[in-house]
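Novice: Structure provided below as structure tokens; questions to follow.
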Amino acid sequence: MDSSADPRNASNCTDPFSPSSMCSPVPSPSSWVNFSHLEGNLSDPCIRNRTELGGSDSLCPPTGSPSMVTAITIMALYSIVCVVGLFGNFLVMYVIVRYTKMKTATNIYIFNLALADALATSTLPFQSVNYLMGTWPFGTILCKIVISIDYYNMFTSIFTLCTMSVDRYIAVCHPVKALDFRTPRNAKIINVCNWILSSAIGLPVMFMATTKYRNGSIDCALTFSHPTWYWENLLKICVFIFAFIMPVLIITVCYGLMILRLKSVRMLSGSKEKDRNLRRITRMVLVVVAVFIVCWTPIHIYVIIKALITIPETTFQTVSWHFCIALGYTNSCLNPVLYAFLDENFKRCFREFCIPTSSTIEQQNSARIRQNTRDHPSTANTVDRTNHQLENLEAETAPLP
């Protein structure tokens, strides 16, 4: 068991977030989104005071060129994830809102997933600044917002993927019931319910998050009641169970039943075209779920291991910790790429947005003209009456033959 989790060491390690060499801290849940608590941070007194300690403190991660290489690599990766994630997810939401044909039940769930991913990637600039400066300069309010957004993203994403898996199961295994259940309206209601469920952890985390001035820098972290080691590890275990184990079990059962159904029945709907679309959408959702699990499994496993045992702090441990966190965020920018490659409708809409053809421009112009006509019917009628009056006047004033 971690020494910081032992109540006998409470006198020497009263704060699990403290990077002091007196204790070996378990990274807090907020450290999943906050670089100020990661091993090897620039604000760590182990690094700042290495000269004073004579470089002999074995609890401090080794410094040197690997730390600089790690910092540059992390900043480059997070910049790419932020740009691609924001642009890609906003493009997904725009396409679903813009095109009527995209307003299906599955795409409504995809909209919810894109919204959660966009919110998560929007916090990366704040965390990058925090990592470079070694302190949190944005105040308590933004600290609460950034940490709560991370938890909202984690839970809303996995709840939405569970919903999409159940939705696919109903569409494949119970096609008759799917006609009444799988509607855009029901999908929107379920999305709202997913956000409400996520608030069960998102709101408490928002109240628990605060800024602390310690060792010459400001930390953005979660505060726990005493004994802190108990509540901190309890939160980690709850997150591991409800945001990973249970959802993965639900998804596995749904897709296991779907695979058995698809193998046993050659024709699902009586139409080859409908069956092809059904299998294509099911394959896309399966890939999205699989990528999510691959990206989030390492950080969940890592946090649980750190909560249970003491891991020696080495360069490899520091790099692997950063890599696990970066992998979790990378998932937020991968989904739009997956849609572009796996779904023909998304691919076509993305292409029209990026490279509009002449026919697309004409359709947009004609739609705009029709909209203006509907918005201003009196103006159109006035113009028609004026033209008619001019024609009558010309006929009346024309010279007789």
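The backbone N, Cα and C atoms fix where each Cβ goes, and this holds for glycine too.
Keep in mind that this is a model prediction, so the values were computed, not measured.
Straight from Swiss-Prot, here's the annotation block:
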- 1-69: topological domain 'Extracellular' (TOPO_DOM)
- Asn9: N-linked glycosylation site (CARBOHYD)
- Asn12: N-linked glycosylation site (CARBOHYD)
- Asn34: N-linked glycosylation site (CARBOHYD)
- Asn41: N-linked glycosylation site (CARBOHYD)
- Asn49: N-linked glycosylation site (CARBOHYD)
- 95-107: topological domain 'Cytoplasmic' (TOPO_DOM)
- 133-143: topological domain 'Extracellular' (TOPO_DOM)
- 167-186: topological domain 'Cytoplasmic' (TOPO_DOM)
- Tyr169: phosphotyrosine (MOD_RES)
- 209-231: topological domain 'Extracellular' (TOPO_DOM)
- 257-280: topological domain 'Cytoplasmic' (TOPO_DOM)
- 308-315: topological domain 'Extracellular' (TOPO_DOM)
- 340-401: topological domain 'Cytoplasmic' (TOPO_DOM)
Novice: With H, G and I counted as helix, E and B as strand and the rest as coil, say where DSSP puts Tyr169 (phosphotyrosine).
Specialist: helix
Novice: Quick one: give me the count of other CB atoms within 10 A of the CB of Tyr169 (phosphotyrosine).
Specialist: 21
Novice: So which residues does the topological domain 'Cytoplasmic' (95-107) touch in its own chain, when a touch means Cβ under 8 Å and the partner is 6 or more beyond its ends?
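Specialist: Long-range Cβ neighbours of the topological domain 'Cytoplasmic' (95-107): 114, 164, 167-168, 182-184, 186-187, 281, 285, 345-346, 349-350, 353.
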Novice: Please work out the mean pLDDT for the residues of the topological domain 'Extracellular' (1-69).
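Specialist: Averaging the confidence scores along the topological domain 'Extracellular' (1-69) gives 38.
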Novice: May I have the DSSP-based helix, strand and coil counts for the residues of the topological domain 'Extracellular' (308-315)?
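Specialist: Helix, strand and coil residues of the topological domain 'Extracellular' (308-315) number 2 helix, 0 strand, 6 coil.
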